[in-house]
Amino acid sequence: MRSYSLIAPAKINLYLEIIGDASGGLRQRPDGYHELAMILQSIRLADQIDVRSISTDNIRVHCNHPQVPTDKTNLAYRAAELMVRQFPEAFAKYGGVEINVNKQIPVAAGLAGGSTNAAAVLVGIDLLWKLGLTQSELEELGGTLGSDVPFCVAGGTAIATGRGEQLSPLPSLDKIYIVLGKYRSLEVSTPWAYKTYREQFGNSYIRDTDNLAARANAVHSGAIVKAIVDKDAREIAQKLHNDLERVVLPAYPQVLQMREVFANQEGVLGTMMSGSGPTVFALFESQQQAEEVKLQVRKAILDEDLELFVTRTITHGIKVVSSV
Ligand code: ATP
């Protein structure tokens, strides 16, 4: 029976703007999502996903992380289920799928951990079943599972609009160093973050489709995109933005405090919360500076619950590392 091992990288948001809703006066899009303009960036911190064909006709998921479910609510499971539904003949031919998730990405952290696992399963099953799907076909399938899944397939650096599934690749940003901070026991629910934002700031949403399209297009010529094209890490760091900080930071004082500690360290180019949090990241020009700041933050916040990672930007999404 054939098997594949895949690397499934996490992402950070260099930019996240909630620009409105496209539903003509309703408070959300008809599908319940908000209209976003984001810049997503793959990072080296990754899970490893192993997929293999099994002789029984079912889907099995194993995971080394106690908080991650292994039933039908796991996004990796749902990705396999989707492939079974879409390609019943291949399923009949090759049988069931066993998925092993070696989780290194913090869970419910704003780092797209579940989404990147789902993307890896789509890529892995495409290979197992010799389907020959194109990247855009994989992204389209991914979009039915979650907004961040399409980006996770190809990864790198991209503008994401709509609910995050409409992607425009940007020149890739290699080797900007990053420190990530995440309190192990602190999880932020993504639906809670958006709901709270809507309740507090929904009055400022753009509700007209033409203006919404214009705003989404404007992101393409925005200052941070120019900085990315110029590969100017300092300028990118100055232009980081995340609307969800407005609701998550006041509700989670430890996260706010961690962000302030990061911002006050020497060598930090810029700092921001990723996605719906609670992970905070800081950008650096060198790995040495990042390692140094990790040590300083560890000394400044004497809390064993705080996990700190040094990582960096990478130029790829799901990558096959071995096949047997
Ligand atoms: P995003 O940045 O896309 O909003 P996230 O990083 O905030 O995602 P995840 O790590 O994907 O959040 O986890 C969100 C929830 O999804 C968790 O509470 C977890 O129980 C559940 N979950 C389901 N499948 C997975 C998976 N494969 N990996 C991690 N969490 C999963």
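Here the Cβ of each residue, glycine as well, is placed from N, Cα and C on the backbone.
Taken verbatim from TrEMBL:
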type	residues	note
ACT_SITE	K11	active site
DOMAIN	74-156	domain 'GHMP kinase N-terminal'
BINDING	P106, V107, A108, A109, G110, L111, A112, G113, G114, S115, T116	ATP binding site
ACT_SITE	D148	active site
DOMAIN	225-299	domain 'GHMP kinase C-terminal'
Rounded Cα distance, in Å, between P106 (ATP binding site) and K11 (active site) is 11
Around the recorded ATP site (P106, V107, A108, A109, G110, L111, A112, G113, G114, S115, T116), other residues with Cβ within 8 Å of the Cβ centre, ordered by sequence, are A10, I105, G275
Of the binding-site residues A108, A112, T116, within 10 Å of D148 (active site) (CA to CA), in sequence order, we find A112, T116
Averaged over the domain 'GHMP kinase C-terminal' (225-299), the pLDDT of the predicted model comes to 97
Those recorded positions among K11, P106, G110, G114 lining ligand 1, judged by a Cβ under 6 Å from any of its atoms, are G110, G114
A108 (ATP binding site) has its Cβ surrounded, within 10 angstroms, by a count of other Cβ atoms equal to 19
Long-range Cβ list for A112 (ATP binding site), cut-off under 8 Å, min separation 6+ in sequence, same chain only, gives A10, K11, I105, D148, F151, C152, G275
Across P106, G110, G114, listed as binding-site residues, the smallest other-CB tally within 10 A is for P106
Close in space but at least six residues away in sequence, with Cβ under 8 Å from that of T116 (ATP binding site), the same-chain residues are A8, P9, A10, K11, A46, D47, I105, D148, C152, G317, I318
DSSP, reduced to three states, assigns A108 (ATP binding site) to coil
In three-state DSSP terms, T116 (ATP binding site) is classed as helix
